[in-house]
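Chemist: So that we are looking at the same thing, I have put the structure below in structure tokens.
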Amino acid sequence: RGRQVLGRAYAVLSDPERRAVYDEQGTVQEEGEELQPERDWQEHWRLLFKKITIKDIEDFEKTYKDSEEELDDIKAAYVDFEGDMDRIMESVLCAEYADEPRIRKIIQGAIDSGELPAYKAFVKESKQKMNARKRRAEKEAREAEKTREELGLGDDESDLKALIQSRNKDRQKEMDNFLLQLEAKYGNNSKKGGKKTPAKKGKK
């Protein structure tokens, strides 16, 4: 039974239309064709989840920053957080402290044009709050540098790539072990003709 449930879950995940129905309604149609007990689950996971590389992230940042999408996200964050720059900077994708002047300029321009309301938290933000945000950013930068040194990473990007690849291998090994555990738990009965191992008698 557990094997059948897993087979159905994989079938739903791999079908965009049925995945959309599940995401919206939280239900799965009961169809015999969904049950694929002999499927190569490990390969299926690899197909479903594409590995993200450093280049993928860099390419996204290049296309996202100064894009219409980022502009919309900044404006939405400004309204959602009523001008609180701490929360705006935390929520906008790829935003670093160095981006703050650019982001402030975008918001101020939208306020001047009447597109956005002039929230007090933004237009009258105290120097103390600004400086506290700067100190946090500097502290995070120092901690990141310390971590790089502890891990033996230099400025060469290949060092970071090597670390990520090593971590990815560890995670892949963990996933493989997990899938093998599932196979052992839900697959043994069907392979052995449903025979059950007699329970050991406890001492009286």
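Even glycines carry a Cβ here, placed using N, Cα and C.
Annotations per TrEMBL:
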COILED    50-84  coiled coil
DOMAIN    64-131  domain 'DNAJC9 HTH'
REGION    128-204  region 'Disordered'
COMPBIAS  137-151  compositional bias 'Basic and acidic residues'
COMPBIAS  167-176  compositional bias 'Basic and acidic residues'
COMPBIAS  192-204  compositional bias 'Basic residues'
Chemist: If I take every residue in the domain 'DNAJC9 HTH' (64-131) and average their pLDDT values, what number comes out?
Modeler: 95
Chemist: Counting by DSSP, what is the helix, strand and coil composition of the compositional bias 'Basic and acidic residues' (137-151)?
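Modeler: DSSP composition of the compositional bias 'Basic and acidic residues' (137-151): 14 helix, 0 strand, 1 coil.
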